[in-house]
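Encoded as structure tokens, the structure appears first; notes follow it.
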């Protein structure tokens, strides 16, 4: 039986791990390769590296980081942040990334999804969607959730699936950083309307939130950062708790 | 021990190289026929689309070489699927080593399957020393149904082949190089075959 995945997310700036609270306040949480190895040992099912640096050297730094992570870590990992071309993806996959995640670049140029899928296959293309409720409607946002678009979440998610993406990473800007739980209603709707895996992101504060997002939110995987980085939740304890609630996990 | 990874343009081969490095072996990435023939162990990787991968194998003549190999060969993911008779993906013929036809998962389950699944009904020394229920990492939209060559079973809507074996040929649908310590054990077992 396929198990539900627990995915720590490592925000990367200039080769170091950071976690943005509401994407603004940043705190250093260490060396990404070392942290990745620890998470792999502790039972994380996958890792996501999100590069938030915007320097000229970014591409090379990120490719180097990917290479060093792939060298040491024996679980799959996804890399995202500012990826906007087939060449970007080619470099990251060749350095050892298992999947890449694209966000704003897909909204600006949806054909990019088709191009990436044609070249590399659905299985390694994750589309990340940041959305926020505006006047009762879920609206897609760009640039780390700062800039609203006119696009509705569920329309975009459907299009992303039709263009061949293998997975959707959905972050609720209303929940991110609040530690009040995931956006389970929207997640459940995504999961029932689409036929690709959905990763829940934004809002993890305690173990019950994970249970809820798998049961009520019908999520296939749950992503979180600070609760893991600051040891508020141990992955092994979390998985034991989930199993005790009847949720299939790898232990 | 000479380990080669067949290079025919398939993606993410770096991870397989690194997995052997973590076990203390240097695997050579090559498309050289002599290097492949003379290796002790051959890895046949594959990420991507079946019909275009078969096209690349035909162009380089590897499609005739691989089925003739005598040493242990391990196909991984698409590599395993290409070792079957055919694949529904791009409606292509395969290498015909395993007597089964690869088909797409039905839409009753989410496709692709992504994540950790349990493997059961383990056979052969490829799974030596794996005693309890273990989980391995799978990413795929197409699968090999259960057949007489099945040596491990996984379940996703229906039971299917997580691994196949015939003579010196082995194939795993999952990614041992990404399956934590269990995956490392399976790679170690393969090197001991």
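Yeah, the Cβs are placed from backbone N, Cα and C, and that goes for glycine too.
Of all the Cβ atoms in the protein chains shown, 25 others lie within 10 Å of the Cβ of residue A:11 (active site). Look at residue A:11 (active site): DSSP puts it in a strand. The active site annotation in TrEMBL covers A:11 (among others).
In this view, residue A:130 (active site) is surrounded by 27 other Cβ atoms within 10 Å of its Cβ, with every protein chain counted. DSSP gives residue A:130 (active site) a strand state. Annotated active site per TrEMBL: A:130 (among others), in sequence order.
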